[in-house]
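Pulled from TrEMBL, these are the features on record:
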- ASP127: active site, proton acceptor (ACT_SITE)
- GLY11, ARG72, SER73, GLY102, ASP103, GLY104, SER105: ATP binding site (BINDING)
- ARG21, ALA22, VAL23, VAL24, ARG25, ARG154, GLY185, ALA186, GLU187, ARG211, LYS213, LYS214, HIS215: ADP binding site (BINDING)
- ASP103: Mg(2+) binding site (BINDING)
- THR125, ILE126, ASP127, ARG162, MET169, GLY170, ARG171, GLU222, ARG243, HIS249, ILE250, GLN251, ARG252: substrate binding site (BINDING)
- 3-275: domain 'Phosphofructokinase' (DOMAIN)
Amino acid sequence: MRKIAVLTSGGDAPGMNAAIRAVVRKGIFENLEVYGVSHGYEGLINNQIKKMELGDVGDIIHRGGTKLYSARSEEFLTLAGQNKAVANLKNLGIEGLIVIGGDGSYRGASRLSELGIKTIGIPATIDNDIAGTNETIGYDTALNTIVDMIDKIRDTATSHERTFIIEVMGRDSGQLALNAGLAAGAETIFIPERQTKMSDVAARIQSGLERGKKHSLIVLAEGVMSAESCSLELGKYINIETRLSVLGHIQRGGKPTAKDRVLGSRFGAYAVELLLDGQTDVGTSIKDDKMYFVELKSVYNQKKNYDSSIYQLSKELSI
Ligand SMILES: Nc1ncnc2c1ncn2[C@@H]1O[C@H](COP(=O)(O)OP(=O)(O)OP(=O)(O)O)[C@@H](O)[C@H]1O
Ligand SMILES: O=P(O)(O)OC[C@H]1O[C@](O)(CO)[C@@H](O)[C@@H]1O
Ligand SMILES: [Mg+2]
């Protein structure tokens with residue numbers, strides 16, 4: 001293999017730049033030509049593919065977002081779009097592609113592998129919803145951002161003795177809500193993976209009030225319901241004033257933590273090694289601080305488990 005390419009796809013995640021840098025520099029170190037594809041699969045279809053040099057990835061390791069831009073591509077869901085992408089890669093003599101993204105991006109990478117391009121996935125999404133790896137790039141940064149923001153909300157919640165409902169990202173996954181809730185000492189955590197009865201939440205708030213506790217923090221994963229619906233539902237069981245805070249895309253930005261930079265760098269270099277070993281249709285993974293690879297299909301056909309003991313612990317510690 002002489003020529004490889006790299007792209008970022010799906011929601012961006014802090015640490016993607018560290019991974020791009022590692023792919024480019026490790027590739028060049030191994031005497032490969034490395035190409036950068038802008039705008040994910042959309043750029044692959046539109047031939048936005050450029051050769052990258054060592055200097056092209058200078059001064060990005062500490063930046064959030066992705067230098068290669070990201071996109072969600074409708075056209076790539078069609079066979080015609082996928083064929084265009086493959087033709088553009090083949091025209092340039094590119095045999096291997098590294099896809100940095102989430103589970104949807106992994107499905108796209110698998111399709112390309114079936115169509116004759118060797119593909120390696122790197123898990124990158126703040127949601128940490130990818131099976132087969134303990135962590136994804138961007139999760140640690142987003143978690144720290146959320147905890148920082150909840151700390152700020154706690155200050156004002158305490159001063160005004162209020163209940164706050166804080167909506168965090170995670171359509172199908174409660175990883176962010178669960179761990180941010182524990183780290184920020186939230187009284188209640190709602191996650192899509194498990195049902196929480198509103199009557200129980202109201203009862204906990206009521207018993208807290210009776211013990212003289214006047215403020216309460218509720219962390220809600222967006223996939224469960226909106227903060228507004230949560231407030232209306234809660235109002236059916238208890239008569240308290242609530243304030244809502246939807247954290248939104250602030251959670252996806254910001255400079256990556258050291259952990260995400262290390263993870264991005266290790267995954268990027270490892271993905272190049274996997275291509276050189278002739279692997280395809282696999283993704284990088286980390287467990288017990290070691291690099292592994294897993295079949296992409298086994299990743300996106302599985303739902304990542306959440307740790308119910310963390311949920312239980314947060315309940316025990318926040319009475
Ligand atoms: N089944 C599929 N076949 C081919 N391509 C797909 C498929 N599913 C998704 N893709 C491609 O991958 C892109 C990114 O997928 P998606 O929007 O689900 O984000 P993701 O990679 O899961 O990241 P995140 O969920 O963290 O934002 C899609 O826009 C589409 O172009
Ligand atoms: O930026 P968009 O396209 O609105 O996507 C938001 C979604 O992307 C994610 O941030 C994952 O990248 C989810 O947590 C969130 O639901
Ligand atoms: Mg996804």
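Count begins at 1; order follows the chain as displayed.
Here the Cβ of each residue, glycine as well, is placed from N, Cα and C on the backbone.
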Between GLY11 (ATP binding site) and GLU187 (ADP binding site), find the distance joining the two CA atoms and give it rounded to the nearest Å. 29
Can you tell which of SER73, SER105, THR125 has the least company, meaning the fewest other C-beta atoms within 10 angstroms of its C-beta, among these binding-site residues? SER73
Of VAL23, ARG72, SER73, GLU187, LYS213, the binding-site residues lying within 10 angstroms (C-alpha) of THR125 (substrate binding site) are none
Among the binding-site residues ARG25, SER105, HIS215, ARG243, ILE250, the ones with a Cβ under 6 Å from any atom of ligand 2 are none
Can you tell me whether DSSP puts ILE250 (substrate binding site) in helix, strand or coil? helix
Of the binding-site residues listed (VAL23, MET169, ILE250), the greatest number of other CB atoms within 10 A surrounds the CB of VAL23
Not counting GLY11, ARG72, SER73, GLY102, ASP103, GLY104, SER105, residues with a CB within 8 A of the CB centroid of the ATP site are SER9, GLY10, GLY40, GLY101, GLY108, THR125
Inter-residue Cα distance where the pair is the residue listed as 'active site, proton acceptor' and ASP103 (ATP binding site), in Å: 10
Do you know which of the binding-site residues ASP103, GLY104, ARG171, LYS213 end up with C-beta under 6 Å from ligand 3? ASP103, GLY104
Check the binding-site residues ARG21, SER105, HIS215, ARG243, ILE250 for any whose Cβ is under 6 angstroms from an atom of ligand 1, and report them in sequence order. SER105
Other C-beta atoms within 10 angstroms of the C-beta of ARG171 (substrate binding site) total 11
